[in-house]
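Asker: The structure is given below, and queries will be raised subsequently.
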Amino acid sequence: MSAKEIKFSTDARAHLLRGVELLNNAVKVTLGPKGRNVVIDKAYGAPRITKDGVTVAREIELGNKFENMGAQMVREVASKTNDLAGDGTTTATVLAASIFREGAKLVAAGMNPMDLRRGIDLGVSAIVKEIQARARKVKSSGEIAQVGAIAANGDATVGEMIAKAMEKVGNEGVITVEEARTAETELDVVEGMQFDRGYLSPYFVTNAEKMRVELEDPYILLHEKKLGSLQALLPILEAVVQTGKPLLLISEDVEGEALATLVVNKLRGGLKVAAVKAPGFGDRRKAMLEDIAALTSGQMISEDLGIKLENVTLYMLGRAKRVLIEKDTTTIIDGTGEKAAIQARIQQMKAQIEETTSDYDKEKLQERLAKLAGGVAVIRVGGATETEVKEKKDRIEDALNATRAAVEEGIVPGGGVALLRAKSALTGMVGENADVTAGISIVLRALEAPIRQIAENAGFEGSIIVGRLTGRNDHNQGFDAQTETYVDMVEAGIVDPAKVVRTALQDAGSIAALLITAEVMIADIPARNPAPAVGNGGMGDMGY
């Protein structure tokens, strides 16, 4: 075990704070409509240009191990907010840095960190309740477009495209974003389906950055039973390898030797393969496999139908243009199934819904019907260069996540106004002692941080903007950094999803409170570089 370096108390928190500030300074410049871009060097290919906070945060790794701990903790805030709400990562980072900065000062002044933490928790939960109470449900397609446009940094065409996509496949429908082969960005609705099962092993992942499996033009094998051994599968696996196409295996389960063999083949590059469990249970599983078979023009391999695995041919496998598999979901896009077969399946389900008397069965049939009939909306992102396409794709994915969050929990005034106005929930709030009250005040001050940063990125003094807005009684009044005017944010279409604002504050408060209560830091002592090797004696002058 290597020797460790230990830092205590104020020294430990000072190192943490330096790391937090370095990460915050890199991320905060992207906030708001006039936020700047960040250029990230890549090991191969052109540098990446992005305005996405979580992408910037994920790239940061500091040389000093103690400072790096602080940076990684706040990076966790950005990642967690992104996972839960899909947007608001920069806001979460700015809030976390503000709460920790103020908290570290008060701990250094002799206040009790545990009491401060209690105050922060009280303040955050009061603000969350206030945000939820003020949230307004999203009703129209126009409001959905507004949310999308704001999340895409003021790009109205992106907002409109997302609103159209939601109109076509429904608010709960499947919408995917992929790179186009042309310069235009377009929306297309294709036959497809999503179900709640993810990859059986992370070794199947093909896109490590997004931790997902992306299969282009794959064969799809649908098997009703568990797979424990691959012996029976070998003939069809060899046939798929000959085609050079990937293979998706959907079965009740893939266990032990079979899973290990597939993983080894994938890692060695012999066979592009991924395996997922079939959705549903019992008879419902069989029905869903038949739905997928209709969608992909494949055949379900079932011994009830007299088909054995060893006799399967390529013609029995389904096909699709693209399959995306994440940790918990699988999306099949543009299956090659015939429209007539899919329609027949849909009609059969509608008839079953009419006939069934069980509410539970009816609900499950309606779920299956929605999955099969809804299709998948695909937004194909175009651009002049690969760098532009990647940057635009980041923004559209952010906007899509924000719109889903808005539909889920409603909207609040954007541009940092919702947090600033929610300060009223903490006015006069007192803790059980002075230190708890100081913790509440930390949150009170932090609520101004996002709007200050948006103003500063637009070239204004943040405190002047905050001062002017605080003096106005209208809760929707805010500063539009794009036009540099004071407007009614909701009327101007500058809105944020309540879920994004709430999640950003909760995650920031949680991590910052943990950092404030840190008293000791432990890290490996960096290894000293060994002295350079000395040349053999007596060989100094060899006549060169």
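Note: Cβ is positioned from N, Cα and C throughout, glycine not excepted.
Grabbed the feature section from Swiss-Prot, which reads as follows:
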- Thr30, Leu31, Gly32, Pro33, Lys51, Asp87, Gly88, Thr89, Thr90, Thr91, Gly415, Asp496: ATP binding site (BINDING)
Asker: If you draw a 10 Å sphere around the Cβ of Thr90 (ATP binding site), how many other Cβ atoms fall inside it, taking every protein chain shown into account?
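Answerer: Here the count is 28.
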Asker: Look up Gly32 (ATP binding site) in the DSSP assignment and reduce it to helix, strand or coil.
Answerer: coil
Asker: Reduced to three states, what secondary structure does DSSP give Thr90 (ATP binding site)?
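Answerer: It is helical.
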Asker: When you tally the Cβ atoms that lie within 10 Å of each candidate's Cβ, which of the binding-site residues (Gly32, Gly88, Gly415) has the highest tally?
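Answerer: In terms of Cβ crowding, the pick is Gly88.
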Asker: Give me the largest Cα to Cα distance among Thr30, Leu31, Gly32, Pro33, Lys51, Asp87, Gly88, Thr89, Thr90, Thr91, Gly415, Asp496, the residues the record lists as binding ATP, in Å as a whole number.
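Answerer: The widest Cα-Cα gap among those binding residues is 17 Å.
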Asker: Give the sequence-ordered list of residues that share a chain with Lys51 (ATP binding site), lie 6 or more positions from it, and have CB atoms under 8 Å from its CB.
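Answerer: Listed in sequence order, they are Thr30, Gly35, Arg36, Asn37, Val38, Asn153, Glu391, Asp394, Arg395.
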Asker: Give the three-state DSSP assignment (helix, strand or coil) for Lys51 (ATP binding site).
Answerer: coil
Asker: Counting every protein chain present, what is the number of Cβ atoms, excluding its own, within 10 Å of the Cβ of Thr30 (ATP binding site)?
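Answerer: A count of 22.
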